[in-house]
Amino acid sequence: MALTVKEEEFSNTLIKNASAFDRLKLGNLKNLKIQKKLQFLYLILFVLITGVFFFFLIGNFYSHRKLYQVIKNTKHTTIGFKIDRPHDKVLSSVLKNKLSTYVKESFKFFKSGYAQKGYLGSENDSIELDDVANLMFYGEGQIGTNKQPFMFIFDTGSANLWVPSVNCDSIGCSTKHLYDASASKSYEKDGTKVEISYGSGTVRGYFSKDVISLGDLSLPYKFIEVTDADDLEPIYSGSEFDGILGLGWKDLSIGSIDPVVVELKKQNKIDNALFTFYLPVHDKHVGYLTIGGIESDFYEGPLTYEKLNHDLYWQIDLDIHFGKYVMQKANAVVDSGTSTITAPTSFLNKFFTDMNVIKVPFLPLYVTTCDNDDLPTLEFHSRNNKYTLEPEFYMDPLSDIDPALCMLYILPVDIDDNTFILGDPFMRKYFTVFDYEKESVGFAVAKNL
């Protein structure tokens, strides 16, 4: 039977629509398969990311749990403290002020050969290297029968204890915990006026006596109530610490006062007149101060001692090797208040030039490529022992600026022509004992807890 024109048009349209529908159906099936593949890939990616995240969490938890168990089970007083790292502030400032390109281009400029040698700094630089070398270990202690809390810097380079007084009218004191003698029943008046000078300024006040508490230890102790801290600005206002607890030597103190640890031993509160620092490798912003004894779970291998060569500082004799550059019988100061290894400028400039290390102009950053195979293991030789510091301990990648670039935790500081400071990088690798009775410093490789 023949179709009419309208019926034929309808039939053709139906066939075309059916064909189009088949193509659409086929296309949808293909899209569905692609979607399923993508969903499967997303699932795999999610599982991988989640797995890595949980692996990190579990590993971190296990690591912290081991450390927690050591601290929980130790028979010695151990105080956790925070570490205020000046390099963190420098890098934060670089990012905040959008100087990342400036850092990268500075390195490229001096590497390109346009300059005769890498820029190693000058006295006109806008940020003092001494400022970025300053490190703060600060933990909590209390004063008085009512346990007034204070955040102390634990400082091996000074010997007095001071806190701001309620009578302090300096700008910085307005944000601090202030000592109120009238609130403590164990307060004893002294009133002798005193001032202490630091590299960053002078504080003024008067002597008082009250009960000092550190962890589960307490003792009556003569300290300084500070009434004027203006000279410490702007550092004081911008930092979390309230006062300083000196862990140096008596001859370094104002008023000829025994250090807290020595006084604790005299009062039979601890077994030994010593303290130790343990700085975990996995977390550069915390550390642990132990008073009166040595916790063997913080280190591995032998614990070796070096006799002091100075009656004011924790200073020892070492032959120091920076690759081919050697300083015989150098004075090495072991210092909790220094964020880097420091060396005399004339010694360090030669080393940096050979190692293709440059200083970023107007910033306290010494930079090289992270794959710089020329960087040596630093060696520190005593008469009977050798201590080493591999590049991984004295350099860190500038991840937020350029992952290919690393900064060095080595700075030029001129105390004299043969004095080095072994600060945070050295003490992070080596568990360190400061022993008043042996007049020695002890080192052992720190465990990675």
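Glycine too: its Cβ is placed from the backbone N, Cα and C atoms.
Annotation comment: Swiss-Prot describes 1-37 as topological domain 'Cytoplasmic', evidence class a curator's inference. Per-residue pLDDT, averaged across the topological domain 'Cytoplasmic' (1-37), gives 56.
The annotation transmembrane segment is assigned in Swiss-Prot to 38-58 on the grounds of sequence analysis.
Residues or ranges marked as topological domain 'Lumenal' in Swiss-Prot (evidence: a curator's inference): 59-449.
Taken from Swiss-Prot, the feature domain 'Peptidase A1' applies to 137-444, supported by sequence analysis.
Positions annotated as active site by Swiss-Prot, on the basis of sequence analysis: Asp155 (among others). Counted within 10 Å of its Cβ, the other Cβ atoms near Asp155 (active site) come to 23, all protein chains included.
For Cys173 (disulfide bond), the same-chain residues that are 6 or more apart in sequence and have a Cβ closer than 8 Å to its Cβ are Pro164, Ser165, Val226, Ala229. Residues or ranges marked as disulfide bond by Swiss-Prot: Cys168-Cys173 (among others).
According to Swiss-Prot, the feature active site maps to Asp335 (among others), an assignment based on sequence analysis. According to its DSSP assignment, Asp335 (active site) is coil.
Swiss-Prot lists Cys370-Cys406 (among others) with the feature disulfide bond, giving similarity to another entry as the kind of evidence. In three-state terms derived from DSSP, Cys406 (disulfide bond) belongs to an extended strand segment. If you draw a 10 Å sphere around the CB of Cys406 (disulfide bond), it holds 22 other CB atoms from the protein chains shown.
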*Pick the one among the disulfide-bonded residues Cys168, Cys370 whose Cβ has the fewest other Cβ atoms within 10 Å in this structure.*
Cys370
*asked:* Measuring Cα to Cα, how far is Cys168 (disulfide bond) from Cys370 (disulfide bond) in Å?
replied: 48
*Work out how many Å separate Asp335 (active site) and Asp155 (active site) at their Cα atoms, rounded off.*
8
*When a 10 Å sphere is centred on the Cβ of Asp335 (active site), how many other Cβ atoms does it contain?*
23
*Could you measure between Asp155 (active site) and Cys406 (disulfide bond) for me? Cα positions, answer in whole angstrom.*
29
